[in-house]
Amino acid sequence: MDGQVTVKRHGDTHFANIGYGYYTFGVSVGYILLLLLLRKRRGTAVPRSRHKLFQMMIDGSPALHLPILLLFLEIAFLGHYSVIDHASVYIKRLGRLSYVLLFLNIFLTLRPNYILSDYTYVQLLPMHMWLSRAISTFGVFHGLAFVIKWQLDNEVSLASKLFNLWNLLGFIVWILLIILLITSTGVIRRRSYKSFYMVHQINAFAISFIVPVHARPGVALPYTITIAVLLGLHALARVSFCMSSAVVHKLSNYQKGSKLVRIKLPRNVMPEHFTPGSHIRVSPYRRSNPLYWLVPSHPFTIASLPDDDHVDLILREHGHFEFEVGPRYSIVHNYEGITALQLGLVNRVTIVVGGTGISLGLPLFRYFKENTDIGYLKMIWTVKSHADLHVLDDFEGIDIFVTQNTTTTPIPGASESWDEIPLEEFELNSMDDLEAEEEHLGESGALLPTTKRKKDPGAINIGRRLDWNVELASFVRSEGSSDQLLIVCGPESLVKDGVQFATDHNIVFYKEVYSF
């Protein structure tokens with residue numbers, strides 16, 4: 001009687017990538033611990049290091065952090081298997097790497113993130129964006145490599161391989177990743193950020209739960225479980241930290257051509273205590289509307305202080321989203337911008353903002369002016385048109401630069417590119433004087449006794465651009481000091497100039513990029 005021959009269902013290398021998956025997960029956890037330690041060592045403010053790489057490490061720059069992360073992942077990528085004889089092992093390993101990294105990528109976007117509480121959401125966003133591109137690229141190459149392998153193998157049919165149920169699911173994920181990479185390019189994002197965001201949301205959810213069905217051996221434990229928990233925390237936060245509110249008042253100056261408006265919301269949309277310069281996100285949809293989950297909410301900076309009667313927003317209106325009095329809006333999140341620790345450790349502060357950057361500069365200027373006794377405080381606001389000044393009630397102490405003359409003819413070379421800042425450059429893109437006076441007029445048309453007249457600015461400059469070395473000469477010390485802080489907010493070109501100035505003079509800086 002002939003003996004039966006047992007044939008293995010899978011080859012000897014079927015489980016070759018299990019260990020690498022755990023290694024990738026461990027590296028991801030290690031990276032989170034590294035982020036935690038980098039900020040914990042900064043118990044006090046220090047001058048920005050003249051060693052660029054060290055400063056990039058502290059700041060969490062993806063230009064340095066991503067290569068370091070990938071280097072550690074590459075160390076164990078090539079094992080004892082021959083790349084030529086066991087190419088499928090490394091193709092599968094690339095796919096597993098792509099999926100396991102989803103845990104880290106989703107973790108970086110948690111709001112609030114209680115573990116990385118020393119980072120703001122915006123500080124972690126660049127790493128999330130570049131890690132997303134790396135994950136998508138790994139997944140695309142994983143699928144492409146198998147298509148090429150099957151096409152070159154005369155012993156298998158490409159069609160039969162692709163339309164095998166498990167491989168078909170992988171093929172669907174491959175198409176989704178290609179679409180995500182295409183829509184994440186700068187051209188597409190600038191044309192339709194909403195389209196990019198919707199593709200991002202749908203793909204993230206689909207890939208998280210299709211890959212576990214496709215992958216062999218499975219990835220459900222622990223990866224899919226942890227990813228599902230993080231996605232659940234995202235959903236819970238969007239439900240728990242959401243409240244409905246209507247606009248109390250809208251101050252505009254359309255008659256004079258300004259698109260800058262000031263919005264007043266009820267005070268209860270923010271907690272009793274919050275750090276000046278904090279941010280909120282606003283959605284025009286209710287939580288029960290699917291678009292609430294698929295369409296991006298709009299980020300804005302709180303232009304008021306905790307002691308004020310209302311929560312103020314200063315923004316530039318555009319066709320995509322406009323506040324109106326009457327409709328109710330969903331206030332989705334509030335989160336810190338500059339940290340309270342940074343504000344408490346400085347004695348000399350200069351604030352330079354452009355356009356809607358006033359929404360960050362104004363509350364910080366008021367905070368230092370009204371609640372602290374620092375040795376030096378200066379604020380500069382650059383606007384394109386004199387009509388934009390209507391959003392402020394009090395100009396006292398603010399130096400203003402109007403880059404267009406009174407005939408609204410642009411000054412040659414006066415920052416024409418400032419209108420071209422794309423939304424995704426920084427997620428916090430903060431999108432008639434007669435109306436302001438009406439609140440203070442009696443029935444006869446006379447000003448009521450309680451009316452406060454606008455105070456004069458520190459200086460106003462028409463048709464002249466900011467000269468950093470001149471305007472900030474009194475701020476600069478011969479040697480950098482940890483108690484100096486330059487806050488710069490506005491168009492990318494303004495922020496870039498401010499960062500360069502701070503770097504040249506070894507000054508601690510805080511930056512945010514808004515549209516002009």
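Using N, Cα and C of the backbone, Cβ positions are placed for all residues, glycine too.
Quick caveat, the model's predicted, so the values are computed rather than measured.
Lifted from Swiss-Prot, the feature list:
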DOMAIN    94-207  domain 'Ferric oxidoreductase'
DOMAIN    238-363  domain 'FAD-binding FR-type'
TRANSMEM  18-38  transmembrane segment
TRANSMEM  64-84  transmembrane segment
TRANSMEM  97-117  transmembrane segment
TRANSMEM  128-148  transmembrane segment
TRANSMEM  168-188  transmembrane segment
TRANSMEM  195-215  transmembrane segment
TRANSMEM  217-237  transmembrane segment
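Panel annotation: around the transmembrane segment (168-188), residues 95, 132-133, 136-137, 139-140, 142-144, 146, 162, 195-196, 199-200, 203, 206-207, 210-211, 213-214, 422, 424 of the same chain, lying at least six beyond its termini, place a Cβ under 8 Å from a Cβ of the stretch. Taking pairs at least six residues apart, the transmembrane segment (195-215) and the transmembrane segment (64-84) share fewer than three Cβ pairs below 8 Å and do not count as touching. Counted as Cβ pairs under 8 Å, contacts with the transmembrane segment (217-237) are highest for 97-117 among 18-38, 64-84, 97-117. Tallying C-beta pairs under 8 angstroms between the transmembrane segment (64-84) and each of 18-38, 97-117, 128-148 places 18-38 first.
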